[in-house]
Amino acid sequence: MTQTLERATTPDDPQGPRPRIRSKLVPRRRALAPYLLILPALTALAVVLLWPIVQMVWMSLHDYGLRQLQGQEAEWNGFAHYTAVLTDARFWEIFRNTIGVCLAMVVVTMVLGTLVGILLNKLPNWASTILGLGLMLAWATPVISAAIVYRWLFDTRYGLFNTIMSGLPDWLVGSGWEEFNWFNSPSTLFPILIVTVVWQSFPFVAISVLAGLKSIPGELYEAARMDGAGAWKSFWNVTAPMLRPLFALLLILQVIWDFRIFTQLFILAGGVTNREVALLPVYIYQLGFASTPPNYGMGSAIAVIMTVLVLAITAYYLRVMIRQGETR
Amino acid sequence: MNNVHRLRRTAGRVGLFAAALAVLLFAVFPVYWVLATALRPTGEIFTREPTLLPRTITFEHFERVLSGVLIPGTSFWSFLTNSLIVTLGAVAVAALLSLLAAVGVARYRFRLRSVFIVLLLVIQMVPVEALIISLFINFFHLGRTLDMELVNNLAGVFVVYVAVSLPITILMVRNFVNAVPKDLEEAAAIDGAGSWTIFWRILMPLVAPGLAAASIFAFITCWNEFVVAFTFLQNNTGAYTLPISLQYYFGAVSIEWGSIMAASTLLTVPVMVFFLFVQRRMVSGLTMGAVKG
């Protein structure tokens, strides 16, 4: 600052307008600083995430396979991939399954998580701590380990679950559990997938709900009790409205996470080659990489559809976040 | 009257504890079953009458995993090294980049600021699973242009992990920078401290916990990542990370359940350790303004 002032007042400067340029330069240099600070991160994001999004849309509109990967010109094919996908019965089956499985995961996770959160809040401290630690074990288990142990628990020949079921009386659970294969058809594999995912995700909801419950001032419940409200009424009139923003966020987070399930299905179904059991992310993989010949264009079209779907579902959450981001 | 009341209260408490016990069992049992399987001899694993407790405890599976050769030219240690290099490297770079970007976003008002923040939020929503094809193809071409193989190389995975970690780490660190009062910096400036001193003496100590939480968060994400590593490294077994190496215990004929459970335990331990530290921040970091207090 002082330097600029000194220079600006130097009378024998050969160029007249120079001082004015300098005084302008100072704020400009300060304005450059934030751009320099975000530049490295922005570059990484642009190369790894933004450009592939553009590329994904571009490929979904072109014939893109192995030859194009080797450098041959890709041919524009209009919306052929999209018409093919949207008129394909198989796509709609997978689409329905994805929505159904995702919905089941989200609902079960939210209900179970909320109930356990309330339970944690009601238990005495020592019991709440023990249960909390137990929940953490499930939550912290790497996704792949979780998928593997469920695959083992439901193993056809030596799985614990089939052994227990065949040990139970037939009038209770029926028979035929000895060699029951859970992993071949969607109707038996998806329930296990749902259990696997719920097992890992309900602890997060439970702990968040506990944190939310603890933040509600006790006077509110006291006031409700004075007005003659029972447990049920005070839940709906005090707890639910206070925790509504939290529930909205948890719900959206669960939807995003459950929509992109890949690893668990990969392990449970034993790879991506099983055409019978697929959800959208696995279907993208099947069409793009695992089909012969690879059809990257077709896979990209499904990927675009999936991305649009996720963004549409999360639009509400985005709006909330953006509003928060602007006010800060 | 009093007795009935007390009885009902006791019944309520019993019900509460029964429910807690059921939830605890549901949460813990699979983790226990991993360990129990890893510690049993093979003969005990493949039986129609499994016992709850291992009859004999053996470390043979752990020894097999740690000393064995899964695929020629590889070992558990090489997978562990790969995982550590790519994860720690990506986390370090992501932490540095997000610190810079977070300071930029939190301390300056500039024209593209809100555009950048919205971009972060939107990008965070786009699932990598949807991008996997174009990621692969882009890195394939980029590698050709740069005359190096990026898709069968840990370098490619490393770059993807950095970028994938960035949105959440920037947003998390930004919250911590925002929490540092500007007065503190201005007071230091009046006392004659330069911007470098202000950064290291005032800002860093206060932002460091947030940076650590975000880094552990990124560590867990990268350590567990499967799809990108699986796609990129398929033809280079030497570069496998731990998560994708696990699937190779699934043989064509049978599955080595003992070894896979031992390997799975070894994969889990680092995450569990970090989780202990970050669990609280993870909840508050993800639900941000929705929970007060």
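Here the Cβ of each residue, glycine as well, is placed from N, Cα and C on the backbone.
TrEMBL labels come from automatic prediction, so no person has curated them.
Note that this is a predicted model, so its numbers are computed, not measured.
Summarising the annotation, TrEMBL assigns domain 'ABC transmembrane type-1' to A:95-317.
Feature annotation from TrEMBL assigns region 'Disordered' to A:1-20.
According to TrEMBL, the feature transmembrane segment maps to A:32-54 (among others).
The transmembrane segment feature in TrEMBL is assigned to A:98-120 (among others).
Look at TrEMBL and you will find A:132-153 (among others) tagged as transmembrane segment.
Residues 97, 101, 104-105, 108-110, 112-114, 116-118, 120-121, 132, 135-136, 138-139, 141, 143, 146-147, 150, 154, 182-183, 239, 242-243, 246, 250, 254, 257-258, 261, 264-265, 268-269, 277 of the same chain, all 6+ positions outside the transmembrane segment (A:189-213), place their C-beta atoms under 8 angstroms from a C-beta of that stretch. TrEMBL lists A:189-213 (among others) with the feature transmembrane segment.
Residues 102, 105-106, 109-110, 113-114, 201, 205, 208-209, 212-213, 216, 220-221, 224-225, 310, 313-314, 316-317, 320 of the same chain, all 6+ positions outside the transmembrane segment (A:234-257), place their C-beta atoms under 8 angstroms from a C-beta of that stretch. For A:234-257 (among others), the entry in TrEMBL reads transmembrane segment.
Within the chain carrying the transmembrane segment (A:296-318), a Cβ under 8 angstroms from the stretch's Cβ atoms is held by residues 53, 56-57, 59-65, 68-69, 74, 77, 81-82, 84-85, 91, 248-249, 252-253, 255-256, 259-260, 280-281, 283-285, 287-289, all 6 or more beyond its ends. Residues or ranges marked as transmembrane segment in TrEMBL: A:296-318 (among others).
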